[in-house]
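Here the structure is laid out as structure tokens; the discussion comes afterwards.
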């Protein structure tokens, strides 16, 4: 019987052995330049992100570029089941992955998969076209055309397509889960690349998606919340995420029943992108002009951001701080000190609120010793406040640099 230490070579990292491809033509099957790997696999193969039981394992997951029909293939040199006297069983890779795929939506026979590729030229985007983005490659001056469409619950064929599209999210977004496509409150924004094949005919490839949940708000309003955004790896760093967000804003800003647009648990990267887009849009509002910004955060800013851009007060405050940093001369001691104090005042608000609450309790003759003991000392709070500020400024400066680049 083989010992566990002898079987280490039969343990593979899913991050290394799983390969994705978006197939536009039959020749793409053998084009290794198109391969991209997952950035996580714990939602499929567990916390270790490993696959047991194979030597020289390769797991190929291919999608037709437009309709996203799926081919699943597993190749290996040797399987632990076949070792002499082995009682070990290899992971059933196909079954594990298939469990996360919509029922019956994948192929294990490459010839059957290629038949769907022959029909892929008929694939067209679903829904209503909202906008277009032209990306110019600075190295070769080649233009790439990206189009964004809006779809909703009423399109059954689209929902089947989306069920295939959202299978990517488990490999690329942490703590992700599939949305319930039977819930009519979901709204879908899909990006496609419009490209020409070798014969000069136009085709569409799926690029990514964003989902928005439209919450009811009393009495007859809607509060859209951006839930998930995924741009597939071959299309990242092309500005697609920014275009997604701008398109969603334009779509909802024109609707009078929309109160504001929010985001569900944004990552740091998403929050930076969001703040960049919001800051750029707010720069067009007179209340966010450089002279007005220096006067401090005002109700006029909150009202304008909500009325014209559907921003909530919390996000409006972040935009104010970003733009104030943009207009602050950090080499001018007085100017820079004024900015730092303004941000620290906001960061320290919750601490002062706690102190105020304690004083109210003490006036009411209530013992607050246990509450005071939970608070940091003044020196500790000063140190933490400095650390918090440094992180905030570092984050804001990344946004400011992008805004300055636009002004050149």
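The first residue you see is number 1, and the count goes up from there.
Note: Cβ is positioned from N, Cα and C throughout, glycine not excepted.
According to TrEMBL, the feature domain 'Histone acetyl transferase HAT1 N-terminal' maps to 10-174.
Annotation comment: TrEMBL describes 186 as site 'Interaction with histone H4 N-terminus'. DSSP assigns residue 186 (site 'Interaction with histone H4 N-terminus') to a strand. A simple way to gauge crowding: the CB of residue 186 (site 'Interaction with histone H4 N-terminus') has 19 other CB atoms within 10 angstroms, across all the protein chains here.
Under the heading acetyl-CoA binding site, TrEMBL lists 236, 237, 238, 239, 240, 241, 242. Note: residue 241 (acetyl-CoA binding site) has non-local neighbours 229, 231, 270, 273, i.e. same-chain residues 6+ apart with C-beta under 8 A of its own C-beta. Residue 241 (acetyl-CoA binding site) falls within a helix when secondary structure is assigned with DSSP.
Under 8 Å, Cβ to Cβ, and six or more positions away along its own chain, residue 264 (active site, proton donor/acceptor) finds 213, 225, 226, 227. Sequence annotations record features per position, and here TrEMBL assigns active site, proton donor/acceptor to 264.
Confidence over the domain 'Histone acetyltransferase type B catalytic subunit C-terminal' (274-325), given as mean pLDDT on the 0 to 100 scale, stands at 96. Sequence annotations record features per position, and here TrEMBL assigns domain 'Histone acetyltransferase type B catalytic subunit C-terminal' to 274-325.
What TrEMBL lists as coiled coil is 344-395.
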Per DSSP, residue 236 (acetyl-CoA binding site) is which: helix, strand or coil?
coil
Distance [Cα-Cα, Å, rounded] between residue 186 (site 'Interaction with histone H4 N-terminus') and residue 239 (acetyl-CoA binding site):
24
Acetyl-CoA site shell beyond 236, 237, 238, 239, 240, 241, 242, criterion: Cβ within 8 Å of Cβ centroid:
231, 235, 243
